[in-house]
Structure formats: structure tokens, C-alpha cells
Amino acid sequence: MNSTILVAFIGVLLLSTVNSAVPTASISAHVLDISGGSPAAGIQILAFIQQNDAWTKIGSQFTAENGRVDWVSPDFTLIPGTYRLTYLTQPYYKNKGIDSFYPYVEVIFEIKDATQHYHVPLTLSPWGYSTYRGS
């Protein structure tokens, strides 16, 4: 019985360590390929912030096997402002041998409270996409 409690405690400790690596003040993303009903692995996501009249790149990550990026800009501290995520979708479909209409998808959004977590999912098909603020 004591070994079961110890294993459970170690599991909780490991989970909290993994989850604590990504701060609350961050942007994450998720891409679901709805044409096949599966996560879209290997899509590059570029992150930018608008400063004056220019876009400054703050991150570049690839979606994992589960279609997720836990933190798109790990070397940038969020500040209030306008952000853009660019999902490079054409290489993903080209690698699958599928024609697609959109070479990339840009999602522009505003962060007013830089202490919150922002999740920006994308549902994708070769001929369309949708996005929303997730949790």
C-alpha cells in the first residue's frame, strides 16, 4: 500500500514539474486536421508581435505528434499588444501528397492581460479552416 502511495506521489510531482515549465502568461496552439480527424503533426507555427508598424518575430515551433505547441514563444515575455500566429500549412499537405488552397493561415489577436494563458487552436482542411480562443 505504501509503495502505491509513493508511486502516485511521484507521478503527481512529475506532472506538476512538466506543467510548471510553461507559465500561465503564454500562448499555446493546437492544429487538428479535420479532413482526416487527426492531430496535424509537423506544422510550423511562427509567432509575432506588432511593434509600431512592423511585426517582430518572437517564436517558431513545430506541432508535436498530438498537434500541439505548448508554448509558441518561450524566449519572449508576453506584454499587452497585437499578436500574429502564422501556421505554415502548405508543407504539411504537400508532405501528404494533398493539394491545398491555403499556403498558410494567419491568426491575429489582441492580448490585453499579459498575465493570462492564450490558446489558439486551428481546425484545418485542405480547403478551409476555423479558429477560436481556446482554454
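Cβ coordinates come from backbone N, Cα and C, glycine included.
Per TrEMBL, the features are as follows:
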SIGNAL    1-20  signal peptide
DOMAIN    19-134  domain 'Transthyretin/hydroxyisourate hydrolase'
BINDING   His30, Arg68, Tyr132  substrate binding site
Just how spread out is the substrate site if you go by the largest Cα to Cα distance in Å among His30, Arg68, Tyr132?
15
What are the DSSP helix/strand/coil residue counts across the domain 'Transthyretin/hydroxyisourate hydrolase' (19-134)?
8 helix, 58 strand, 50 coil
Can you list, in sequence order, the residues of the same chain other than His30, Arg68, Tyr132 whose CB lies within 8 Å of the CB centroid of the substrate site?
Ser28, Ala29, Val31, Leu32, Gly67, His119, Val120, Pro121, Leu122, Gly134
So if I draw a 10 Å sphere around the Cβ of Tyr132 (substrate binding site), how many other Cβ atoms end up inside it?
10
